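S.K.: Quick one: the structure is below, questions incoming.
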C-alpha cells in the first residue's frame with residue numbers, strides 16, 4: 001500500500017515471505033524487514049499523537065487495537081484542537097476517525113502522563129526507486145480463468161440457452177392472451193373464445209414446465225462436473241506447494257477457500273445463465289411495454305435505474321463485510337477442527353474451559369459480522385422496496401388514467417400489469433448477478449493467491 005503511494009508495485013508474495021508471515025500473523029519487526037528489503041528506511045517506536053501529526057512523514061504504519069496493523073495516510077487539523085485521521089485498513093478499506101476515536105484504537109501506553117502508540121515510519125531510499133519492478137507475482141485474468149471451465153461444456157450451454165430463449169418466447173405470448181380474454185372474450189361475451197384462450201395458456205404452461213425440467217437436469221450435469229473440476233484442480237495445486245506454505249495457512253482458511261470454489265461454480269452454472277435469460281426477457285417485455293404506453297415504459301425505466309443505483313451504492317461496504325466474514329468463518333472452522341480433533345490432548349492438559357471460551361469468543365465475533373450484514377441488508381431492502389412500490393403505484397395510476405381517457409382498453413391495462421410483474425423478476429436477477437459477480441471476484445482473488453504460488457520444485461531452485 002505504501003509502496004504504491006510512492007509509485008512502485010513490488011511483488012506482494014515476496015513481501016509476505018520476507019515478513020515471515022505465519023499462522024499467528026506478522027510482527028512489526030517482520031514488516032520492517034520486508035520494507036527495508038524493497039528499499040525503505042524504517043524507524044519504529046512509541047509516539048505521541050502530537051508527534052505523529054507534526055513530525056512523522058506520512059503514510060506510516062501503526063499498531064491498531066494491539067492485534068493489527070493499518071496505514072495512516074493523511075491527518076487534517078480542523079478548528080480548535082480537532083483532527084481528522086485518515087486510515088487505510090486492509091480489512092475495512094478507507095476510514096476517517098476523529099482524534100479521540102483514533103487514539104482509542106492506537107494508544108497502548110502512557111508515559112509521564114502522555115499517551116503513546118506504536119508506529120513504524122518509512123522513507124524511500126535510492127534503492128527503492130531503482131529496484132526491478134518487473135518481477136511481480138502473476139495474476140490470472142478472471143474471465144480467462146472461468147472460460148477454461150466453461151468451454152468444455154459449450155454444447156450443453158448452447159442447449160440451455162436455446163431452452164431459455166424458447167421459454168422467453170412462450171412467456172411473451174401470455175400478455176396478449178390476457179388482453180384477448182378481457183377485450184374479445186369478456187367484451188364480446190364469447191365464452192367459447194375464452195375457453196380456447198385458456199386451453200392455449202394451459203398448453204403453453206405445460207411446454208414451459210417441460211423445458212424447465214430438461215434445463216434443470218442439464219444444469220445439474222454441468223454444475224457437478226464443473227464443481228469437481230474446480231476443487232480437483234485446487235487439490236492438485238495444493239499438493240504441489242512446498243511444506244513451508246502450510247506453516248502460514250490455517251486449516252479453516254484452506255477449507256473456506258473450497259467454499260469459494262463452490263461460489264464460482266454457482267456463478268458459472270446459475271447466475272450467468274439467469275443474467276442471459278433476464279436480459280432477453282427485459283428486452284422483449286420492455287419493447288412490448290413501450291408499444292403499449294411509452295409514458296409507463298419511461299416511469300418503469302426511471303424506477304429501475306433508481307433501484308439499481310441504490311443497490312450499487314452499498315457494494316463497497318458489502319465487499320468489506322465479505323472479507324470480514326471470510327476471516328471469521330475461517331477462524332471458526334479452524335477452532336472447531338482443533339476442538340474436535342484435539343479432544344484427547346485438551347483433556348490431558350485440562351484446558352477444556354479455556355478452549356470452550358476460545359470457541360465462544362469466535363462465535364461472538366461471527367455473530368457481530370452477521371449482524372452487520374443483516375443491518376446492511378435491511379437498509380438496502382428498505383430503500384429498494386420503497387422505490388419499487390412507488391414505481392408500481394405510479395404505473396397503476398398512469399394505466400388507470402389511460403383507460404379512463406380511452407387511450408387504453410381494460411385488457412391492455414391487465415396486460416401491462418402482467419408485463420410489469422414479469423419485468424420485476426429480471427431486474428431482481430440483474431441485481432443478484434451484480435452481487436454474485438462481486439462475490440466471485442473476491443473468491444477469484446483468494447483462489448488466485450493459491451494458484452499463483454510457486455510449486456515445490458520451483459521454490460527450491
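Note that Cβ sites are derived from N, Cα and C of the backbone, with glycine treated the same way.
Under the heading domain 'Peptidase C39', TrEMBL lists 1-113. Positions annotated as domain 'ABC transmembrane type-1' by TrEMBL: 158-439. The transmembrane segment annotation in TrEMBL covers 156-181, 193-211, 267-290, 296-315, 393-420.
Walk me through the surroundings of each of these features.
M.R.: Per DSSP, the domain 'Peptidase C39' (1-113) is made up of 35 helix, 44 strand, 34 coil.
Listed by sequence, the residues of this chain that lie at least six past the ends of the transmembrane segment (156-181) yet keep a Cβ under 8 A from its Cβ atoms are 150, 193-194, 197-198, 200-201, 204, 207-208, 211-212, 214-215, 218-219, 221-222, 273, 276-277, 280-281, 284-285, 288, 409, 411-412, 414-416, 418-419, 422.
Under 8 Å from some Cβ of the transmembrane segment (267-290) lie the Cβ atoms of residues 146, 149-150, 157, 160-161, 164-165, 167-169, 171-172, 175, 219, 222-223, 226, 296-297, 300-301, 416, 419-420, 422-423, 425-427, 429-430, 432-433, 436-437, 439-440, all in the same chain and six or more residues away from its ends.
Remote same-chain residues near the transmembrane segment (296-315) are listed as 286, 289-290, 376, 379-380, 383-384, 387-388, 390-391, 394-395, 398-399, 416, 420, 423, 427, 430-431, 434, 438 (criterion: CB distance under 8 Å, separation of at least six residues from the stretch ends).
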S.K.: For the transmembrane segment (193-211), could you work out the same-chain residues 6 or more beyond its ends whose Cβ comes under 8 Å from its Cβ atoms?
M.R.: 163, 166-167, 170-171, 173-174, 177, 180-181, 184-186
